[in-house]
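Student: Annotations per Swiss-Prot:
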type: BINDING; residues: Asp74, Asn76, Asp78, Arg80, Glu85; note: Ca(2+) 1 binding site
type: BINDING; residues: Asp110, Asn112, Asp114, Cys116, Glu121; note: Ca(2+) 2 binding site
type: BINDING; residues: Asp152, Asp154, Asp156, Glu163; note: Ca(2+) 3 binding site
type: BINDING; residues: Asp190, Asp192, Asp194, Arg196, Glu201; note: Ca(2+) 4 binding site
type: COMPBIAS; residues: 45-57; note: compositional bias 'Low complexity'
type: DOMAIN; residues: 61-96; note: domain 'EF-hand 1'
type: DOMAIN; residues: 97-132; note: domain 'EF-hand 2'
type: DOMAIN; residues: 139-174; note: domain 'EF-hand 3'
type: REGION; residues: 38-61; note: region 'Disordered'
Amino acid sequence: MVRIFLLYNILNSFLLSLVPKKLRTLFPLSWFDKTLHKNSPPSPSTMLPSPSSSSAPTKRIDPSELKRVFQMFDKNGDGRITKEELNDSLENLGIYIPDKDLTQMIHKIDANGDGCVDIDEFESLYSSIVDEHHNDGETEEEDMKDAFNVFDQDGDGFITVEELKSVMASLGLKQGKTLDGCKKMIMQVDADGDGRVNYKEFLQMMKGGGFSSSN
């Protein structure tokens, strides 16, 4: 199955959190794999696991974690993800999917048939993907490498201020909109003072809780 996952970041105070491969849905591998074309996502049938096909989750989902991820899609905060909101989120990442395919994606998750995805339906999907992650044998080290590669957009082994800003903007996040704000975040974890974050610094940052800001 095509590997799909979602990174989300920024908690209450510029805190970067990672959900490694927990949301293998909606976002094709092509967004992360620089050798592929961003605008050629796989079909919805290969992108979305079916929540009903999974057994009951063995891991308790953190409600606050679930809510943060859900709110990234629920732009107007009404408790439902519409097709339009899904489309906007994908377009923010440079991913363009035909209207009929978006409808199929919503339909696959939409248990009550109202044409939207509510928090309960999202939790069912999220739980099945978390369960799959815990059973697929992948390691935290692999997750960290995948995450670093998303931020390291040019593949040079460093996360720059510009790259951090680009990723945050593509995820539609409000925090860190300015280069100055992102520069302060980089400085928090830039141990060698070169203005960039290398993989070692990235690992140390993740162990410490994430990018933080005194603002």
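Placed from the backbone N, Cα and C atoms, the Cβ positions cover glycine too.
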Student: My understanding is the cutoff is Cβ-Cβ under 8 Å with a sequence separation of 6 or more in the same chain; which residues meet that for Arg80 (Ca(2+) 1 binding site)?
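Tutor: Listed in sequence order: Asp74, Asp114, Cys116, Val117, Asp118.
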Student: Going by DSSP, how much of the domain 'EF-hand 3' (139-174) is helix, how much is strand and how much is coil, in residues?
Tutor: 22 helix, 2 strand, 12 coil
Student: In sequence order, which residues at least six apart in the same chain have a CB under 8 Å from the CB of Asp192 (Ca(2+) 4 binding site)?
Tutor: Asn198, Glu201
Student: I'd like to confirm something. Which of the binding-site residues, Asp78, Asp110, Asn112, Glu121, Asp194, has a Cα closest to the Cα of Asp152 (Ca(2+) 3 binding site)?
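Tutor: Considering only the listed binding-site residues, the nearest one is Asp194.
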Student: Return the count of C-beta atoms lying within 10 angstroms of the C-beta of Asp154 (Ca(2+) 3 binding site), excluding that atom itself.
Tutor: 10
Student: May I ask for the distance between Asp154 (Ca(2+) 3 binding site) and Arg196 (Ca(2+) 4 binding site), taken between their Cα atoms and rounded to an integer number of Å?
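Tutor: Rounded to a whole number, the Cα-Cα distance is 13 Å.
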